[in-house]
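J.: Take a look at the following structure, please.
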Amino acid sequence: MNRNSLNFSGGPGALPESVLQQVQQAVREVPEVGLSILGISHRSDWFAAVIAELERNVRTLLALPDDYHVLLLQGGATQQFSMVPMLLLHGATQPAEYLHTGYWSGKAVRAAQGHGPVRVLWSGEAAQWWRLPRDAELPFSPTAPYLHYVSNETVEGLQFHRVLGLDEVPRVCDMSSDFLSAPCAAERFALIYAHAQKNIGPAGVTVVLVRDALLARAPEGLPDFLDYRTHAAAHSNFNTPPVFAIYVVLLVTRWLLHEVGGLARMAEINQRKAQTLYDLIDAHPGVYRGRAAVADRSRMNVVFELPDAAATQRFLAQAQAAGFSGLAGHRALGGIRASLYNGLTLEAVQRLAQFMEDFARHG
Ligand SMILES: *Cc1c(COP(=O)(O)O)cnc(C)c1O
């Protein structure tokens, strides 16, 4: 298969070549079924087996304890911004604690505020979102109903390289842009959510890992569809789920397990990819300036700036012509963003680094 461009966009991300080949086959016909993946019943035994294997693979990759549900939901991460407070903020007297570290966590804060008391424990706004908080800046309350944060701020290129919060307060984390890119100590979180379209598949499905005990806190009277218990009881097959998207996520988990060799190995590869670009950026301080504080640099989204708007435009035009797609920074921020999700190869990143080296030398 030959494509003309490499996908460095903020999302949906690149998928592994071997997965794309299987998808191509499956669109024509899933061999063991004899039908196109686009027309297989969600009530078939085959699809029940797909969900079961996907769930098993996620459990294996993360060494997830048995008391967690693995749910496959719709509505993206954005729906989780509301489903989480619907579950956990109902009737709360103490505020839930949120970290406002960038674009996506800001959306989560605004969604939660409609459901109950919310305290923004730390905001990066005064620092224009160039760094994350240190532990000393986070006076966590032991009586908060939960703590919510975003592990990787996709727009600003900031990533927490540690688990935050107090063990006695349920941790809730939006891992949409770094889920299954590295081990994440899942057992330390009460609820993790991550849509598929950055590291593990196409848009249309969102993985939620939730501790069973947390669901006991659900208020009565939630709409069925917005109640995690509905989906847990139905094994993620309550109404017609996105069969195609779920199948692709299954293929990616197989790839992670059997081709990559697990999340520690995936983390090494992702670390090398990110380091390749950060080294190049740091080697040319007159041309490139990394946006994030060095300690908080994301391994998924490398965000940097050029000296002025004209240089940025020249860089983007030349990169596009050379086959590097999606490098324009988020519309909220400008600049350049190279997103290095699981499916993007080290070789692709090395090619971008070579392009950036040439650009730094010759403009
Ligand atoms: C991309 C992104 C989102 C948005 O997710 P949707 O599935 O489009 O709702 C939310 N959170 C994070 C961290 C993201 O990177």
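The backbone N, Cα and C atoms fix where each Cβ goes, glycine too.
Caution: TrEMBL annotation is automatic and unverified by curators.
Note that the structure is a prediction, hence the values are computed from the model and not measured.
Copied straight from TrEMBL:
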type	residues	note
BINDING	Arg43	L-glutamate binding site
BINDING	Ala77, Thr78, Trp104, Thr154, Asp174, Gln197, Asn239, Thr240	pyridoxal 5'-phosphate binding site
DOMAIN	7-352	domain 'Aminotransferase class V'
MOD_RES	Lys198	N6-(pyridoxal phosphate)lysine
J.: Can you give me the Cα-Cα distance between Arg43 (L-glutamate binding site) and Asp174 (pyridoxal 5'-phosphate binding site) in Å, rounded to a whole number?
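T.: Here the two Cα atoms are 30 Å apart.
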J.: If you count the other Cβ atoms within 10 Å of each Cβ, which of the binding-site residues Thr78, Thr154, Gln197, Thr240 comes out on top?
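T.: Output for this query is Thr154.
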J.: Under 8 Å Cβ-Cβ from Trp104 (pyridoxal 5'-phosphate binding site), six or more apart in the same chain: what's there?
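T.: Non-local contacts for Trp104 (pyridoxal 5'-phosphate binding site): Ala77, Val150, Glu153, Thr154, Val155, Asp174, Ser176.
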J.: Give the helix, strand or coil assignment DSSP yields for Lys198 (N6-(pyridoxal phosphate)lysine).
T.: coil
J.: Taking every protein chain shown into account, which of the recorded positions Arg43, Lys198 has the largest tally of Cβ atoms within 10 Å of its Cβ?
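T.: The most densely surrounded of these recorded positions is Lys198.
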J.: If I restrict to non-local contacts, at least six residues apart, and a C-beta distance under 8 angstroms, what lies near Asn239 (pyridoxal 5'-phosphate binding site) in its own chain?
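T.: Within the chain, Asn239 (pyridoxal 5'-phosphate binding site) has Cβ neighbours under 8 Å at Phe225.
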J.: Fill in the CA-CA distance, the residue listed as 'N6-(pyridoxal phosphate)lysine' to Thr78 (pyridoxal 5'-phosphate binding site), as an integer in Å.
T.: 14
J.: Go through the binding-site residues Arg43, Ala77, Trp104, Asp174, Asn239 and pull out the ones with a Cβ less than 6 angstroms from some atom of ligand 1.
T.: Ala77, Trp104, Asp174
J.: So, in DSSP terms, is Asp174 (pyridoxal 5'-phosphate binding site) helix, strand, or coil?
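T.: DSSP call for Asp174 (pyridoxal 5'-phosphate binding site): strand.
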J.: Go through Ala77, Asp174, the listed binding-site residues, and name the one with the sparsest Cβ surroundings, counting other Cβ atoms within 10 Å.
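T.: Comparing Cβ neighbour counts within 10 Å for the binding-site residues Ala77, Asp174 gives Ala77.
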J.: Of all the Cα pairs drawn from Ala77, Thr78, Trp104, Thr154, Asp174, Gln197, Asn239, Thr240, the residues the record ties to pyridoxal 5'-phosphate, which distance is largest, in Å?
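T.: Answer in Å: the longest Cα-Cα distance is 31.
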J.: On the three-state reduction of DSSP, what should I expect for Trp104 (pyridoxal 5'-phosphate binding site)?
T.: helix
